[in-house]
Structure formats: C-alpha cells, structure tokens
Amino acid sequence: MAQLSLLVLSLFLTLISLPPPGASISSCNGPCRDLNDCDGQLICIEGKCNDDPEVGTHICRGTTPSPQPGGCKPSGTLTCRGKSHPTYDCSPPVTSSTPAKLTNNDFSEGGDGGGPSECDESYHSNNERIVALSTGWYNGGSRCGKMIRITASNGKSVSAKVVDKCDSRHGCDKEHAGQPPCRNNIVDGSNAVWSALGLDKNVGVVDITWSMA
C-alpha cells in the first residue's frame with residue numbers, strides 16, 4: 001500500500017512540474033494563439049510568431065525568407081501608414097522574355113505617378129504608349145527613351161517607350177504621390193499600353209513578359 005501511495009505521489013509531482021498547455025514560448029514562425037505565446041517583441045500574426053510591423057523589429061528577417069524573383073533580395077524596408085514594404089536596389093536579369101508584373105500609372109500632371117517623368121522631367125499624356133521600370137531595370141536611366149516589347153498572357157503585344165523609373169527604393173511621400181516603393185519586377189504602363197494589350201486596367205496587376213524591342 002505504501003508503495004502504491006509513493007507511486008501516486010511521484011506521478012502527481014511529475015504532472016504538476018510540466019508546463020501548462022500553450023505556455024511554451026515560440027520563436028520566429030512558431031505556432032501561437034496570442035502574443036503571450038511569442039518570444040520577446042514578437043507578436044502573433046495569423047497563428048505564427050512574427051515581427052511587429054508597428055514596432056519595426058526585424059528579428060525574423062532572414063529566418064524563412066520568401067524567394068525573390070531572379071534572386072534579387074530586398075535591400076531594406078520602408079514603413080508607411082503602419083505597413084512595412086521591402087525596398088530593392090536590383091531587379092531580375094533581363095532576358096528575351098523577362099517575367100514581370102504590369103501595373104497602371106497616370107503619367108499626367110496631378111496623376112498617381114507623382115512628379116514628372118525622370119527621363120525628361122516632363123509629364124506625359126496617358127494616350128502615349130509609355131512605361132516606368134523598376135529601379136534595377138531602369139538601370140540609372142540607361143533605358144530612357146528606349147523601346148521595350150511587352151507581351152500579355154492573351155498573346156497580344158505592344159511596344160512602349162521607357163520614360164520613367166518606378167522607384168523601388170523610395171516612396172510614401174509627395175514626390176511618389178503617397179505610393180509605397182515599387183516591387184523589383186514592375187512595368188508600370190500607361191492607359192494606352194493596357195488598351196493595346198486588350199487588358200482592363202481596373203484589374204490592377206497582371207502577369208506579362210517583356211524584352212528590349
């Protein structure tokens with residue numbers, strides 16, 4: 001009987017020494033139910049411990065990096081309106097069929113393009129077939145005035161002139177009309193470019209390929 005009592009007591013002591021369910025502290029990308037489950041300054045976002053965008057921590061940076069097109073990694077981050085955006089100094093390599101995202105830009109004065117086009121310090125009509133390229137593809141202005149060939153997934157293609165940079169380094173200010181920095185794989189086209197490709201600009205972003213014309 002004494003042995004049974006000792007066994008029960010030993011089992012009881014073992015059980016109370018275990019941490020309660022959910023009390024384990026998770027590090028980057030570990031499971032969580034609330035911020036108390038996460039280590040240090042990490043917070044619980046969609047069931048995983050991650051950096052707090054409002055605090056601006058980068059504890060989890062590089063822990064499980066999302067793959068970037070062409071191996072071009074972010075050079076930093078820019079926080080605007082409480083949301084963190086990656087910045088880039090580079091873009092994927094240009095090929096005879098470079099994958100990209102086509103977005104829509106208003107190149108006229110007062111439009112969402114912000115200031116005048118960088119290539120010629122002028123505003124442009126949206127009836128022109130013109131584009132802005134991500135910082136890496138803009139390449140310090142070396143493609144200014146040059147024509148590129150854009151092909152949509154519907155098979156249609158159009159030639160357009162490079163007149164501006166879609167800034168991947170800066171944003172969220174008056175110069176950029178409050179827009180966040182561009183991703184590193186953007187071809188920002190005028191209304192005329194979208195129309196020539198038979199695309200609805202209200203879609204916002206579509207997959208394309210492009211090359212030098």
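From the backbone N, Cα and C atoms, a Cβ is placed for every residue, glycine too.
Record source Swiss-Prot places C182 in a disulfide bond whose other cysteine, from C144, C166, is C166. Looking up C49 in Swiss-Prot gives a disulphide bond whose other cysteine, out of C38, C72, is C38. Between C119 and the candidates C90, C144, Swiss-Prot records the disulphide bond with C144. Among C60, C72, the cysteine that Swiss-Prot records as disulfide-bonded to C90 is C72. Under DSSP, C32 (disulfide bond) is assigned to coil, being neither helix nor strand in the three-state scheme. Of all the disulfide-bonded residues in the record (C28, C32, C80, C119, C166), the one with the smallest CA separation from C90 (disulfide bond) is C166. Every protein chain considered, the tally of other Cβ atoms within 10 Å of the Cβ of C44 (disulfide bond) stands at 19. Here the disulfide-bonded residues are C144, C166, and the one ringed by the most other CB atoms within 10 angstroms is C166.
Annotated pair C72 (disulfide bond) and C182 (disulfide bond), C-alpha to C-alpha distance, rounded: 14 Å.
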